[in-house]
Structure formats: structure tokens, C-alpha cells
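Undergrad: Quick one: the structure is below, and I'll ask about it shortly.
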Amino acid sequence: MTSVSELLERNSSFATARFRADLEINPSGDLMVIGCVDPRVDPARILGLEQGEAAVIRNVGGRVTPATLRSLAMLKKVGEAHRSARPPDDWNLVILHHTDCGMTDLAAFPGLLAGYFDIPAEELPAKSVTDPFASVKVDVGMAVQEIRRSHYFVTGLVYDVATGRVEQVVPPTAAGAPS
């Protein structure tokens, strides 16, 4: 088990060698990533993100849920409150699912999943919880329909935990566009 004292030592090393006080609250890459909490699937490492380049939301399965959409809306307001002098460029929202996801084990618990997605259990098959290639398409479609922000593009990726490779499943799609 990783101890708190070990974490504090690691932080001391970070603060000394890699800390950057010049970072803004808005991501420098105009990028947001939604990914899974699985420790094998760290979006920053997998996608080679630099500190401050992206805002990252992690949840079970990396899924677009009502709670995820509320978080995105809140982050939009924070970003607007801290808008820097640079003009808004095209933003990218990347939805990153992965193979061998623990979400597939939750298919045996429809009541739990229905609550997670805030839908009736009868609608669970439409969420494709056992297939990351299908589920990322579902989530991109939901995000495209729900996010009403100009200059926002949604992309669906799947990470293969066996090879370390990421595959683009859904190309960048303008938010608000028909899915």
C-alpha cells in the first residue's frame, strides 16, 4: 500500500522539480478529456499530455452521464469567469474508453447501472456497457446532442490495455450537430 508519507515525499520532489506557477485555470490545449478511473488508464500518460494542457474528468467507465454533463457545465462557467486575453479557439472534448473495463462487470447489476446513468433499467442495452467501441459512440452522440457550445468538437477514442495503443473510433464532431 502506498503510504501518505510516500505521497508527501513525491509531492516534495514535484514541487522542487516540476511545479509550474505560470499555469492558467483554462487548459492551454483547449482540451477536455473524459476517461475512466481505472489506474491502468491515466489519460495524461496515455495521451502524452503536458501539465496544464487539458482538463480531465474521470469516472467509472469514462462515461457521459448526467453528472458528467453537470461537471462540464460547471467547468464551462469556471472557464468563462477566468477567460484569458487569448480568444477562444476550437475546443476538443475527447471521450476515452478502454478495453477490459470493469464497467463490463457491472452489467450484472442493472439497478446500479440504471442509477449511474439516471435511466430506467430497460434502457441499459442502449448504453452498450460491455463494448467500449460501441459505448464510446453512444457517449459521443450524447455529448454532441447535449453540449451547446460553439467551437466545441467531440471525439471518441478507445485505448487497448493489452497494446497501449489508442484508436480513433469517432472523428471530431461539432457539438450540437446531428449524430
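A Cβ is built for glycine as well, from the same backbone N, Cα and C atoms used for every other residue.
According to TrEMBL, the protein carries these features:
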BINDING   Cys36, Asp38, His98, Cys101  Zn(2+) binding site
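How buried are the listed features, and what sits near them?
TA: For Cys36 (Zn(2+) binding site), the same-chain residues 6+ apart in sequence whose C-beta sits under 8 angstroms from its C-beta are Arg58, Asn59, Val60, Gly61, Gly62, Leu96, His97, His98, Cys101, Met103.
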Undergrad: Taking each of the binding-site residues Asp38, His98, Cys101 in turn and counting other Cβ atoms within 10 Å of its Cβ, which one has the fewest?
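TA: It is Asp38 that, of the binding-site residues Asp38, His98, Cys101, has the fewest other Cβ atoms within 10 Å.
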